[in-house]
């Protein structure tokens, strides 16, 4: 049945609000994540090569899912995917609520530290596969997230779906970092074409989105006012339409901080641009009664608005020369120039040995210290 105007307004307004929350808080958390020295919380940096390949990989994945749904039983595929996202959702939700839950623990809470270490090989060839540090508070958050996970697995309720979707979005914005603005433009531009083609050119995107029973989208019922929590006429927004612009907005926030002007001009500009682009998407969808590729409107807004501000302020060069990856490990020494070497390996080894035994050294180091 057609939704009432009130129900549609509530659904679309809720989707916009839910999309803004992970972008705003994920961008703030990405700043502290970039400065973190904990290996388990280090961000994943997206380079220009990754950005160029991303639309191709995404297209292959999307087409593969579409063919799977056409060939095999939808029930068994969704069961397998539900178990996969059940585990990922619990971990993502636990990581999301951990900073907030820390405020509720009493000061005398017995908090013990743990480390999960998984290595491959032995001796000098030993390689770390997993090195995760956590404490008792994290275990409590994990238990609470497991309750939501079981609720989602058994009922597939839209509220549980949204809790996982919000957690995935926030973690994506926080932990996926673009290394510079040029990479962000490549990524958003490629996915702009990807989104337009798969929505307008084929029915693949819409078919997968409707068939895929996993928290890869935020949903909100348009008949909530009539049916309450049992409503089933949903409006939806894919997580990609949140995370992809979100990581670009988070990059602009870190760029704002690097300018050291105590202003967040580019962050707020891109944030407002995202609201404008998402609102335009909903308006066009409502007028034409057809699913819209949100990135068609979000990408020009999120890139164009900050670029106009940079042109007005004369900071275009600073914007495109900013490297986010340079701030991830500020304590790590970097080689700024390469020395020129010549000669045979034996002569180079002799030269190094002479320098190590030079009498100008204040103290002799042991072989173990070397």
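Cβ coordinates come from backbone N, Cα and C, glycine included.
Annotation source TrEMBL lists transmembrane segment at 9-31, 51-69, 76-97, 175-200, 234-253, 265-288, 294-312.
Counted over residue pairs 6 or more apart, the CB atoms of the transmembrane segment (234-253) and the transmembrane segment (9-31) come under 8 Å in at least three pairs, which marks the two as touching. Proximity of the transmembrane segment (265-288) to the transmembrane segment (294-312) is established through 3 or more Cβ-Cβ distances under 8 Å for residue pairs spaced 6 or more apart.
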